[in-house]
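Take a look at the structure below.
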Amino acid sequence: GIGTLLMLIGTFYFIARGWGVTDKKAREYYAITILVPGIASAAYLSMFFGIGLTTVEVAGMAEPLEIYYARYADWLFTTPLLLLDLALLANADRTTIGTLIGVDALMIVTGLIGALSHTPLARYTWWLFSTIAFLFVLYYLLTVLRSAAAELSEDVQTTFNTLTALVAVLWTAYPILWIIGTEGAGVVGLGVETLAFMVLDVTA
């Protein structure tokens, strides 16, 4: 419930900020940005009502794992939108944008396959696959997109570098949380994991 509320607040905040904006690029930015918490609020509401939840039997585990696949559905839409925001800010070309979003989708889908796998080996293999895709996304952000942004005004460069640093730090926490959470080694419980993912989602 809290996640839904916070995401709705974020949605209305960006609607208010973007209201009456006439600059074409700024309107584009707000249109994309509004969608991110809007989609996330729908995903969190579905999880609140027990939709988007399944159980997976994993070899060697006494109890089946509860997997919130709605979380992955959320990320499959919201993470490309966040990257699209950064790419448009950097004035990146279509090939760069397509590559970045394609690899990002691969990262999310392989993470979901890992979460739904029935053996520890398969789960960790898919996690590794997803993490490699994430590292590629990170590399693209910090090199290709940063180079594109470097050709623009100082204000744009500063904004881009700040947002990219924030994304890099926050997104790095996701594969770490996956591997130590219930979907991985089980060092932290479902409650802590869910809360941590909510904090990361809201902050990102």
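A Cβ is built for glycine as well, from the same backbone N, Cα and C atoms used for every other residue.
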Same side of the membrane for G18 and G191, as recorded in Swiss-Prot? no
Taking DSSP helix as H, G and I and strand as E and B, the topological domain 'Extracellular' (117-123) has 4 helix, 0 strand, 3 coil
Cβ under 8 Å to the transmembrane segment (97-116), counting only same-chain residues 6 or more beyond its ends: which ones? 54, 56, 67, 69, 72, 75-76, 79-80, 83-84, 87-88, 122-127, 129-130, 133-134, 136-137, 140-141, 145, 175, 178, 183
Same-chain residues at least 6 beyond the ends of the transmembrane segment (167-186) with a Cβ under 8 Å from one of its Cβ atoms are 65-67, 82, 86, 111, 114-115, 123-124, 127, 130-131, 134, 137-138, 141-142, 192-193, 196-197, 200, 203-204
Apart from its near flanks, which chain residues at least 6 from the ends of the topological domain 'Cytoplasmic' (91-96) lie with a Cβ under 8 angstroms of it? 140, 144-145, 148-149, 151-152
